[in-house]
Each structure stands twice: as C-alpha cells, then as structure tokens.
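Structure first, commentary second.
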Amino acid sequence: MYLLKYMKCFPWVGLLWVSFLLENIVASEESSTQRSLTCSGDCLDASVEQELKTKCPDVNRNILVGYTPTGNLSAGKYERITDGDNSTESCVRQCCGRATCNYVFMVNETCFVLTCNQGPDPCVPVKLPEGKVVGGIIKMVLVRSPTKESDTCEVGLEETQCKTNEICSRVNARSRNGLCKCREDFIVNPEGQCVNPGSMADGDQDESMTSTSQTTSMPVVASSTKKTVRQLEVSVEDKNVTLPSNEVALFVHASPSAPRENPYSYEWRLISHPTEDTTEGTKEGQMTDKLRLQGLKQGSYVFQVVVKGVGAYGTTNATVTVFPENRTNLAPLAKISPAEQTVQLPTASVVLDAVGSTDDQKIVSYKWELQKGPIEYTFNPTKTVNSTTLQVENLIPGNYTFKLTVEDAGHLTNSTTANITVIKETDYPPTAIAGKDVVIYLPTTEVTLNGNSSTDDKKIVSWEWKATGESNQAADMQDTHTPYLKLSHLQEGLYQYELKVTDEAGQSSISNVHVFVKKNSGTPPKASAGADQSFSLPQTWTTLDSSNSTADTRIVKWQWVQLKGPTNATIQNPNEAKANVTGLTKGDYEFQVEVEDDAKLSAKSTVKVTVTQKTNKPPTAHAGGERTISLPSTVALFNGSLSTDDVMITNWKWDREPESSAAGVVIGDSDTTPILQLTSLVPGKYVFKLTVKDEQGLASEDVATLNVKEDPLKKDLIEIVIDIRMDSLKEADLEKFLHQMSFLLHDTQLVFDRMQSQLNTENAVLILHGTDDARSVIEGSKLASELRRRLRQDVNLLQFHIISIDTVLCLDSCSGHGTCHDSAVHGRQCVCHAFWMENFLKMKFGNGERNCEWSKVYVGVITCLLLLMLFALLWSLVFLFRKNLSNLKANLSTKPTANGISSSARGNGKRHYSKKQYTLLDDDEIELECKSDPLSEDDEAEFEDSDSDVLFETKQRPNSRKINGNSKKFPLPSSNGHHHHSRNGILKPPRRVKT
C-alpha cells in the first residue's frame, strides 16, 4: 500500500516499478491468441465492446488478469495515459482512439497503451507464474491485432538472426523457435536498441526511465541502481486559426524553472496533421521553447513537446485547429499562356496553357474552342476537352483565335482568347526549328529542347539559344551553342526559349519554344486493352491493341503481361501499344496492359483470349534419334522436348527396349518427363522408346539410341589416393595440391579429370593423366612409375600424404610371366603363371611394383641347396662340439702324477700305468703264447679286478664259429660270468682294457 501511494505522488516511480517487474519475470508458458479465449473471467462491459466494434473490430472483452507481453519491454512502445477515470473501459477507449495502439496494459489503476513495433509474437500475452505478481494487479486487453512481422529467431542462431546485444529467447520449452530479446543487464533505449546502461548519456537514461504521454517507450531498469528523475509540469496553450491566416506560435512553460547554469532542452514533434496537408507546413524553432508554424491548412494539428533537464523530464501535447475562411464566391479568371504566338512552318503545332487561370475556390471545368481559323483547317479537341492544356497540331498558314472558358464549383464562368499566327516557310534563309512546345509535370524539373530539325539549303554553321518571354523564373541552361538545349531546375510556370540559327551566308532564322511546367493534375489515364478475342487452332498467335487508351496529357509507357493461361505465351514488343502474342494453345488466356502518362500516373486494363480446337491431331514424338558419347561422362540425356502436338502433350513415358543394355540408372522420375536422365553408364548400347499422349489420349512413339564408348584415355589415367576424406577436401586445397604435384614432374603437365571417393576409407581419389611438351598423352603406367620415383625423392613436398599412386586400369606387365587382376577382397595383384612367382624382395624393399620375376624351379633348387648347406654346417658344428666335449671330460677324469700312476690306481694299492691312447684289436689279430701252466693266481686276481677298472670289453661272441670251413664251439661262460674263448685248444678269457 505504501508503494501504491508513492506511485500516485511520483508517477515515474510507477514506471520504474513496472520496468523492474517485467525485467525480472520469466514467463513459464505461452498463452493462446486472444481470439481463442472466451469471456470466462473478468470482462469488459458488453456496451463498450459494441461501441468500439466499428472502429476497432478486433477488440476483445476478455480482461487478462496476471498477463504480460511475451517480449516484455521489447514488445513495443508503451504510453502512459493520464486522461480518463483510471478504469479499464476508459483505457480501452483511449487505445481504440489511437491508430497504432494494439493492447491495453493496466498496473493497478495506471493505464498504459502498447504499440507492437516488432510484430505480433512479442506482444502475445503470457500468464505470470504464481507468486511473481507483487505490489499490485496487472491486466491486458486486446484492442487491435498487430499486423507487423515479428523478430523471430531460432535458438543457437542469434548472431545471424538477432540484432546487437540480443539473444534468442525460447517461446516454449519444447520448441527451438524464439524471439529476439536484450541480453541480461542490457536495456532498450528510445530507438529500440539494446544498450548497456553505463554507455548511455544522462539525457538518454532520463528518457529511458521516464514515460511520455504519447510516444515515449516503456521505461527499463537494467540494474538495482535507480536514478532519481524529477517530473516537470509542462503546459502549452492550444491555438485556433481561421484562414486565410495560416501562421501561429506555440509557447511552452515548464515548472519549476530551469537553473541558469543548466537550462532545459526542448524538442517539438508532429503527432498528426490534416490529410490534405502533404507538406505539413513550415516549422521554426523546433529545438526551442517557441515553435512558429507557417503554411497551415484547414484541419487539426497535434504537436508534442519534450522538455529535458539534468534529472528532470516532462512532456505534453498541444493542438492547433485551422478553420476555413468565411467568404463569398467570386467568378474565376481565365488566362491563356501565351496569349499571342507566332510559328513558322514546318512547325505545325503549338501548346496553349490555362494553368494561369485562377479562382477563389477551385476551377472544375476548362472548355477550348476555335473561334477563328483558316477554312481548310479542322479543329479536333477530343483529347483536351477538359484539360488545362490545349495542344494544337497540323496547323496550316493563317491566323487562329482560340477561346478558353473556365467554370468554378459555383458554376460561375469566365472566358479569354489567344491568337496564333502561322507563317509560311521561306525558301532561302535557314529555318530554325526549336521543337514542339513541351509540357512536363512536377516533380520532373529537367528537359532537353531539340533544335536539330532546323534546316538550310546549304549548311547551318551557328546555333544560339536564349531565354525570352515574360517569365521571371530562372532555370539552368547548358549547351546553348548546340542543337540541344539542356534545361534543369525548372519551376512551375511558363518558359519561352528562342533558337537562332545562322547559315554560311550569314542569314539567320529564329524559332521559339515554350516549356510548360505544371503541377500534377492527379487524374490518371484510362487504359484500354481492347475487346476480348476468340479463335481456333491451328492459329497460335494474336495481336493485342491498347491504342485506344487515353490520358489528359499523353501516354509515354505501355507494359503487357500475361495473367492467366494454360501455358506461358511469348509476348513480343511488350512495351508498345500493340503487342504480338505467340505460342498459344487450347484454353483461356488473360493479358493485362498498364499505361503511364507524363505525370507518372498509371492505369491498367485486361483482355481475354480464348483458343478453341475443332479437330484433334495426334502428337508427333521425337525422342532425339541416335547419338554417341564417350566415358567418363556419367550422365546422359535423352531429349524428347522437340515432340509436338496441335494443342499440348500431357503425358511422357520412356521405356527401355529389350535390346538395350541393362546398365544405367534412371534419375528420379525423369522417365515421365520430356528429358530422360540416365546415370551410372558403362560402355554399351542404350535404347529407349518415348511414348507421348495428348489430352484426348492420342499417342505417338519414337525410339532413341545412345552408344556409349570406352574412355579413350582410360589406359592412360592414373589415380592418386590422398590421406584426406573427400567431404573435407576444399577447392583451394585441391588446387594447391595439384600445383605441388606439378613440381614433381617438371617436363610433364598433369591434367585433372575428376575426383571420387574410395570405397572403404572414403579418402579422396584424384583421377588425372599427363601430357608432354608436344601435348601427347603419356602412358599411364609410365606416369605412375615416374611419380612414385619422384615422390620418394621429395617426400615432404606435398601438403597431403599420398597413400598410393597407380593406374586406373590394371595394366601391370607382371614381368611377362603373369596377368594383372583386380580383386575386391585382395585388391590389385599379379596372378603369375604356373612356374613363376613374385619377387617379394623387390615388392617390399624395392620400387614396390607388382611382378612375376622368380622361376619356381630355380627358387626350389636354390632353396634345397641352401637347406643342404645349412644342414651340413649345423652337423659340423654339432660334431665339433661333441668331440671337444669328450676330450674335455677325459682330460678332467684322468690326471697323471709324478711317477706316472694315476690317483685311482694308487688308492687301490695296485700299480697301473696310464696310457694316452688305446687301440682295440680284432680277435683274429691277437697272438697269444702257449703256456703249459695255467694262469697264476696273481694273474687271475689281476684279471678278476673289479668292473670299475674296466674301460673297454669285447662283446660276447656266439658259441660256434666257422674257421677254415670247420665249425668250432666256444666254451660257455664261466661261473663268474666271463666268456673264455678257446683257440688251438687254449682257452682265452675275454679281453679287457683297464685303467
């Protein structure tokens, strides 16, 4: 309540409070349009709606309580209304009385009217969330639907769709569509721009935080710091003026008075003026406290004055009412210019002007008559019966007297006459012809007078133009010593110019020309497109004629256009009065002509042309015949548009013939159009049949053949795969890469053919070929090989990494022992013959070319030899290793002492002599002595030493053996387990070698 009382004392505080409320409320949902609401809550009185329906048909009875515009302060311009009884009905009446008002916005009992200057969307009422309305009640009422387009936008595209310092605010949570609004901490200045409050001048901030009674925008507060503004009491006395007095002065008084050191500033604005006053009068002192007005017209003028000071602001309106003059009707005064005129043939036309005729009100009728003239002359004033200008043509020598009668609105008349003397043409002196009198209408102020028609029996050597006549009005003249006089800055009135021409003999001649500069009469011409026409096929043309069009002056422009018709006809010479139309077919056509006169006034007229058909002829199909193309053309066109019919072809159908190649894909629905588009071509023959039908079902057929040949450069094309996706490659990067490639081959020119995407990786694949200095195409395999070689030398030269360089076709020679093969799985490879294989060393570590250089026979033989050599080497190494290992063990186990007896023998108490080397002899080579005595005990004991001293022992032999053909038996082993051999009756024990 304290805030409401404070608002009544200081209205600007209320505006600041409303600004704060609107800037801090976020609308949660968008309401539907006012037309869809039914009056279910607070409503206007039905009598108020009926009262305003005529002037404001969109007024709605619904009072939307708790609603604000979607655009808040950026929705439009707010005006505070101080008149009335502070009721909603009074505020609606105030809004309806303003031509631009759209909504009523009430804050408690304070009335604001809203003009939506950004279209309907920012003004759409939105329900405030619960708890957001503080300090009072706000209402909205629709009075007049907005008609302007709104500043709509799409969330995320603010930079291109919104103005500076604006963001796109989403209309609702589930839509990307939004409205452009000021960013946080930015405000809307009076010009509708979003600015930072700190960047505004004091005067601008004062105005942005203060409401005016007419056109000031709704106040905006962008931060918590509010500037105190003092409200001035401004008063201006209304004025009344009665014509013919049309001057008045308005004085403004502001209270309290301005300090001497900081005077107030003043600005006067025109709010409204009479519709008849297009010039809005003359204003002086618009930035002072005194406004002086001149040239006022009958009606009412409303002015607004804005007074600004340091921390002070005020505004008010003043009305100036101009009443008509109280007078009696006086008779008009007729006047013809020029009153006396002399012309010399061949100039046979003059212009008489009645623009100088006057009346106290308005002249409504001009009547021209020929009172006197040659008997042979016929006066035909059809085109100038009621015009201020009379153009007399085809004059013959003699004297003429023309009478002008003018009549005003009170039917009072007055008459006057003008005399014209036409002189015969002389033969010997030159004849000056300044041209026909010229009539122009404001705002045109320039014209060129043409004296080039002046003649002489020999030669004209001098031209001289000068201004004559009684006119005191000045004009700029250029090229006064040429046949063409250029006039500019002409004013309303009559100008007379004299042309003097002189021949070689010094004889001269003079001619005058008049230039009439008149106001625009405001009467447009009357256009006539001629009578409606009707004819039958096979005629497909006609002539349109608008020569019967008339105007008060003369028609200077024609424009023919077609409005309706089954087809687009061709209009020849459409900028002339008569136009020829061709290409017509059966149906109804409508054409329009627009004519324009000297005063830039125009009029339109239409004519209908009906084309009928008595007999129907079948159409004639033309599919295009037979033609041949070569790859790499990827799209082929079959053109059937040359097919004809006496009316119109309505159906097109292309069918593939049985003998045609099955390859090729039809693009879209082009097989039902006049032009068939075929893509994905391969070499072969394509045959299509075209069937056309007219409106009545008659048909015609024709066959077209397309022969597609192989690309003549296919064997010479190479493909370069670069490490970049095709969709990421820019045109500038491609040109730079090709330029870099040209440095690799100084003596070869690379020609770019096309680009495609690699199937699996989508990398860019460049297709090109090369030519030498003689413009001869280089073989593709040689070019690819040379590029690979140069690339290895200059690997860092290129912008992009090259994955592979190869020919488009598989052209590898495979060393003459295989064939090149393309595989979708394994890629390109050489399939070698039966006894040949690839040199993988050259492929991996050489130049990388596919080959079949190695013979499998030679490779097998060499491999076997290498394996044998390797096995022998390994066996030798193993043998040497084992031998050295045995010697090492023997040396380690046998260590001789000083007396030659080993340590092992010494430990057993027996004497053994170590031997360095032992030889095993065969049994047959052993010679034993015959002894009669058996073995001694010592020998036997020595013989029967432990097995640990035995190093070698002979193997057991069989018990019988043939010696010299006789079978001998050997004794069985003894009880001690040793075999005893018998030789010549002597038993011999088995041999042992001891250590």
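Positions of Cβ are set from backbone N, Cα and C atoms, glycine also.
TrEMBL annotations: computationally assigned, not manually curated.
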Per TrEMBL, the range holding region 'Disordered', considering 200-224, 500-524, 650-674: 200-224
Overall pLDDT of the domain 'PKD/Chitinase' (626-711), taken as the mean: 91
Distal contacts, the transmembrane segment (857-881) - CB-CB under 8 A, six or more residues away: 835, 837
Three-state composition of the domain 'PKD/Chitinase' (431-520), taking helix and strand from DSSP: 0 helix, 49 strand, 41 coil
